[in-house]
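What Swiss-Prot records for 398-415, 513-522, 652-695 is compositional bias 'Low complexity'. Taken from Swiss-Prot, the feature compositional bias 'Acidic residues' applies to 523-532. Residues annotated as phosphothreonine in Swiss-Prot: Thr178. The annotation zinc finger is assigned in Swiss-Prot to 240-262, 269-291, 297-319, 325-349, 705-727, 733-757 on the grounds of sequence analysis.
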Amino acid sequence: MQNWETTATTNYEQHNAWYNSMFAANIKQEPGHHLDGNSVASSPRQSPIPSTNHLEQFLKQQQQQLQQQPMDTLCAMTPSPSQNDQNSLQHYDANLQQQLLQQQQYQQHFQAAQQQHHHHHHLMGGFNPLTPPGLPNPMQHFYGGNLRPSPQPTPTSASTIAPVAVATGSSEKLQALTPPMDVTPPKSPAKSSQSNIEPEKEHDQMSNSSEDMKYMAESEDDDTNIRMPIYNSHGKMKNYKCKTCGVVAITKVDFWAHTRTHMKPDKILQCPKCPFVTEFKHHLEYHIRKHKNQKPFQCDKCSYTCVNKSMLNSHRKSHSSVYQYRCADCDYATKYCHSFKLHLRKYGHKPGMVLDEDGTPNPSLVIDVYGTRRGPKSKNGGPIASGGSGSGSRKSNVAAVAPQQQQSQPAQPVATSQLSAALQGFPLVQGNSAPPAASPVLPLPASPAKSVASVEQTPSLPSPANLLPPLASLLQQNRNMAFFPYWNLNLQMLAAQQQAAVLAQLSPRMREQLQQQNQQQSDNEEEEQDDEYERKSVDSAMDLSQGTPVKEDEQQQQPQQPLAMNLKVEEEATPLMSSSNASRRKGRVLKLDTLLQLRSEAMTSPEQLKVPSTPMPTASSPIAGRKPMPEEHCSGTSSADESMETAHVPQANTSASSTASSSGNSSNASSNSNGNSSSNSSSNGTTSAVAAPPSGTPAAAGAIYECKYCDIFFKDAVLYTIHMGYHSCDDVFKCNMCGEKCDGPVGLFVHMARNAHS
């Protein structure tokens, strides 16, 4: 009968010997680690087991666990072992105890790793399945070495300390070999990254080429910033250009050494801590603040601080959405004047209207493109700057006169828009809304050179003439300006454009009301002037040797025009027109106050005497305040009357075209001064086809000139002539200046207001 106990023991020993021989041939052995002698002596028939390390023991235990289940089944099928086989049972007990101890150790390592990750709420270095549990995080040296594993329970046996030490040593070797899975490592170590952050910020600050960023903060004790070239974040090297000679340096030390050569020795101010030199005390003060890291200027909208006010102003623009500087020739817009000047110099463009910080247009600011001054220039009635050419500069020059008389101006109910915004600051030319008898005689200037600051102005209802700025004041403030070559005029052209723009925006109803109001005023004044004329003709002293009496109000109102003529008060009673009829009445108007006023006006402006003044060739201007005389009255004029008439007709003509003669139309004067007296007298008694003044219009209302194409009335011959000059001969709505064809009168007005013609 077969012995089942002997057969089972023999099979187990053979399998164990084969398993050990396999590991002995394939796994490298480590000397010094032997099994316990008791376990070896307890199995005399067992083959000698080679010493293994910690990893080999772990593999053995796993293999033995797999074999444990079939062995248990086999033992259940066989009878219980006899007394002779107690040694083999002790061998099984030793292996099971060793497996339990190793499992407890791995469970402790795994629990410690879980507690560490749970304490930081995230896997700092990412979870790597290739790393055994319990090993340190391979990325923890990037986040600091202060992390320590939680305390672990001390193993009970001394045999478990060696595996833990072996695992710790192997983890240090695996830190550099195990790559992270979910976290991207930094580009450089912590120390090098911190040292590179500060120079990068300084490079970005110094890369700004603006003058306002001249004194940027830098390290006080770091000489590399001033002795080495500086590169910005884009890799571009910072250059320092000399404003005097144009030499370009790449380091601050070289630039300061070169700048010293352009300074006077007695004006050099040098920094005590570095080679910085300057001629200005405030520059040295800002530089010393930089060394001391003092930044007294702070932004009220953020935490930005700086060493001077200029840098703070530049920084505040970063919080604003207003681009103050815009190019007139392209879509370029910027917040910084220095960049705007560079654009204008590079492309040869012209500047547009400068905006204030709140976004409102400011025509009084001019961009000096080639000047060294920072920011725009403010004009106070002076000549136009060299860089301020264009329509924007002319508007700003006209607007410079406005602040002198803004306080005395009443509010006018005139429709405003962008086209008429430039007229809001102008004082209005006043028209007499009351009859001449009720209106006092004002000491008005007799020439454009006379200052208009002393003229008292009374509020009146709006009229087309009230929409114009005072041309006499503008001419007096800007006598040295360049003239327009076409009409030999300067600001009259701009005034006509502005008037056309404003009148074009008035509604037809308002325009009709203004015309009816002016017509009613002129009719009332005409009736009163006729009654006064008849009364004075009867009551005044008669002298048959003199000509027709001159109206009193005519002499009172003629000086109200900005005249530049030769006033001869000795011949104030000489008639303007004479006739040979026996029934004519000749008398002298005995108004001493008016004569004294005329004499004083003539004495105050002697430089304007003897200026040739003739009517404009486009439209013959009528004598203000006179009825046209019949032609038969002029047929038999005596030679004496002809001589007196020739001497005084230019004076009457000046009342309607005085501004034209004062603005320099000498060519027209020379061409018309050779005419005889009969032609002058006939031209004074008639009007052209376009001029339609009412019959007997008094001097208070003045002559009215009408453009039949645009249905606009003018009270000044120069403005009327300028306006008619824009109408072309072949097409009345085609601009005669530039040839652009416009769509009706409104289109022509808008074209004149928006485009500069020179």
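Including glycine, each Cβ sits where the backbone N, Cα and C put it.
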Helix, strand and coil counts within the zinc finger (733-757) (DSSP): 11 helix, 3 strand, 11 coil
Tally of DSSP helical, extended and coil residues in the zinc finger (325-349): 11 helix, 5 strand, 9 coil
Number of helical, extended and coil residues in the zinc finger (269-291), per DSSP: 11 helix, 4 strand, 8 coil
Helix-strand-coil residue split for the zinc finger (240-262), DSSP-based: 10 helix, 4 strand, 9 coil
